[in-house]
Amino acid sequence: MSKPHSDVGTAFIQTQQLHAAMADTFLEHMCRLDIDSPPITARNTGIICTIGPASRSVEILKEMIKSGMNVARLNFSHGTHEYHAETIKNVRAATESFASDPIRYRPVAVALDTKGPEIRTGLIKGSGTAEVELKKGATLKITLDNAYMEKCDENVLWLDYKNICKVVEVGSKVYVDDGLISLLVKEKGADFLVTEVENGGSLGSKKGVNLPGAAVDLPAVSEKDIQDLKFGVEQDVDMVFASFIRKASDVHEVRKVLGEKGKNIKIISKIENHEGVRRFDEILEASDGIMVARGDLGIEIPAEKVFLAQKMMIGRCNRAGKPVICATQMLESMIKKPRPTRAEGSDVANAVLDGADCIMLSGETAKGDYPLEAVRMQHLIAREAEAAMFHRKLFEELVRGSSHSTDLMEAMAMGSVEASYKCLAAALIVLTESGRSAHQVARYRPRAPIIAVTRNHQTARQAHLYRGIFPVVCKDPVQEAWAEDVDLRVNLAMNVGKARGFFKHGDVVIVLTGWRPGSGFTNTMRVVPVP
C-alpha cells in the first residue's frame, strides 16, 4: 500500500491490522496479526439477544441497547401472547427513549422465533420449575397417555409426539434437553416405550426431545406456529426465525401464513437437522437468511461435525449475499459467570472470521446472571475479530464469485468497496429506501462501516441482519429539491459518523446516492473528504 498523502486525515482505519489485512497469503496474514493493534471502532457484526425474565424490563433493555444489542429475539417455545406483547412493548419503549437525539438513536429490530415442529416433554409433578434426577442404568417409561401429561417423574415421562412408537425402533436413541439426557429404547408398545437411561442428570419440565435418524413426520408449521405468526404480523415484528426448516416448501408455508400484511417480514430459516443441511441450497434460495442453530444440530448430527456445517452454511450465504446468523452456546458459561471461557471467546471470534453477519445470545441474556456483560463481551470480541479479517483475499474471492452479473447496483457496490480499499475510506455512506443498495454493498464486506440513511423505519431495523450496516433514520421531511434532500441526508450521516468516532475532519468517505428520486437508482459514487 502506498503511504497516504499528508493532507489526508489519519483515518483510524489505517492502523487496524491493516498490515495483516493486505498480506499476500493466508499464512502471511496470520503471521502479521498483532495483539497491540487497536480494534475496529464501529462493530460490523449484528448482536441478537434473546429477551427473557433476566432482561425484559425497560431499564435493562435500555442498558442492553447501549451495550450493543441490535435485534431482540423472542422465543415462542415459552410464554403466552400477552407475555410477548408486553416484551415487545418494552423493547420499543426502550428504543424510543433514545429517539430525541437523532445522532445517538439506534433502531432495534424485533425477531419472533417460532416453536416449530418440535417435541417436548410434560410437566414434572405438575410444576414448571420442579426437577427429578434420572440415574444411569435406570428404567424410564415414555408414555403417550395424557393422564401423565402433568405428572412426569423419574419413572414415567409423557411427551407430545403421538407417532413416536411408529418412528423409533428398539435400539434407537431418544435425547432430552439438548442431548444432556440420553435414553436407549429397549422395547416398544402401542402407546409407550421402555427405555434405559444411558446418560442421566436432572430433568426439568417441558424440555425438547430429539430423535436422531428417525423420520419425524411433524408438519412444518404447527397450529401454534400459525397463531404465533399471525400474532407477529399484528405486532409488526421485523423478522421471523423459523425453527426446524427441512426443505424449501417449509419456508413457503411460513410465507403463506404471514400473508400480504406480513410480506415485508424477513424469514430466517433455522437449520437444525440432517435433512436441512442436505437440502441447504433450496432452503437458502427460498429464505431471506439462515441461522446456524448449533444446539439441535449438534444432537441431530455428530457434535464433531457441527463446525463443518457452520463453515459450509456461512460460506454459501456469503457467496449468495444473504445474511447468516451463528447461534447457540456462544458464551454459555456467562449464564452463571461474569467472564466467558477462553474457548467461548475463540468461538465468537471464529464465527465472525468465518463470515457470520450476526452472532446471537440465548440463555446468556434471557435467564442469565450477567446479561449486560455478555452483550459487551460479544461486542468487544466481534470488533477484534473484524479487524483481523483477511480483507484483501475475501474481497477478491467475492468479486470472482459474482463476475458475470450485469446488475447495475451490484457493479456500483463492487466498485465502491474497491474504491474504499484504495483510498482507505473511513466509511461508506449509502442513501437507501428499500435497503437493497446497502445490502449489496455489505455483500462485498468492506472494512469500513456502511452508514445507511433511510426514512423507512423497518428498512433501518432489518439492516442489522447484514454485516457492516449501521442504519441511521432520517426524520426530517423530504426537501422539494432532490439535490438538497441528498445533502440533508449525507450531512446527517456525516454528523453521526463524527459523533460515533467512525471518522474525523479530513478523513475520506465514499458517498453512494441516486441521481433522481425513486427506489433502485443508487448510481452515483463520490469520494468526499469529511468537512
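From the backbone N, Cα and C atoms, a Cβ is placed for every residue, glycine too.
As recorded in Swiss-Prot, the features of this protein are as follows:
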type	residues	note
MOD_RES	SER37	phosphoserine
MOD_RES	LYS66	N6-succinyllysine
BINDING	ASN70, ARG106, HIS464	L-serine binding site
BINDING	ARG73, LYS270, GLY295, ASP296, THR328	substrate binding site
BINDING	ASN75, SER77, ASP113, THR114	K(+) binding site
MOD_RES	LYS89	N6-acetyllysine
MOD_RES	SER97	phosphoserine
MOD_RES	SER127	phosphoserine
MOD_RES	TYR148	phosphotyrosine
CROSSLNK	LYS166	SUMO1 cross-link
MOD_RES	THR195	phosphothreonine
MOD_RES	LYS266	N6-acetyllysine
SITE	LYS270	site 'Transition state stabilizer'
BINDING	GLU272, ASP296	Mg(2+) binding site
MOD_RES	LYS305	N6-acetyllysine
MOD_RES	LYS322	N6-acetyllysine
MOD_RES	LYS322	N6-succinyllysine
BINDING	THR432, GLU433, SER434, GLY435, ARG436, SER437, TRP482, ARG489, ARG516, PRO517, GLY518, SER519, GLY520, PHE521	beta-D-fructose 1,6-bisphosphate binding site
MOD_RES	LYS498	N6-succinyllysine
Looking only at Cβ atoms, how many others are within 10 Å of the one on THR432 (beta-D-fructose 1,6-bisphosphate binding site)?
29
Between the Cα atoms of THR432 (beta-D-fructose 1,6-bisphosphate binding site) and LYS66 (N6-succinyllysine), what distance do you get, rounded to the nearest Å?
25
For the residue listed as 'SUMO1 cross-link', just give me the three-state DSSP call.
helix
Whole-number Å distance between the CA of LYS305 (N6-acetyllysine) and the CA of ARG73 (substrate binding site)?
27
To the nearest whole angstrom, what is the C-alpha distance linking ASP113 (K(+) binding site) and LYS166 (SUMO1 cross-link)?
29
For the recorded L-serine site, enumerate neighbouring residues of the same chain (Cβ within 8 Å of the Cβ centroid of ASN70, ARG106, HIS464, site residues themselves excluded), in sequence order.
GLY46, ILE47, MET69, VAL71, PRO107, VAL108, ALA109, ARG461, ALA463, PRO471
Assigned conformation of LYS498 (N6-succinyllysine) - DSSP reduced to three states:
helix
ARG436 (beta-D-fructose 1,6-bisphosphate binding site) and ARG106 (L-serine binding site), distance between Cα atoms, whole Å:
20
Suppose the substrate site is ARG73, LYS270, GLY295, ASP296, THR328. Which further residues of the same chain have a Cβ inside 8 angstroms of that site's Cβ centroid?
SER243, GLU272, MET291, ALA293, ARG294, LEU297, ALA327, MET360, SER362
Span of the L-serine site, taken as the largest CA to CA distance across ASN70, ARG106, HIS464 (Å, rounded to a whole number):
10
According to DSSP, which kind of secondary structure is THR432 (beta-D-fructose 1,6-bisphosphate binding site) found in, if we only use helix, strand and coil?
coil
Proximal but sequence-remote residues of the same chain as ARG516 (beta-D-fructose 1,6-bisphosphate binding site) (Cβ under 8 Å, at least 6 apart):
TRP482
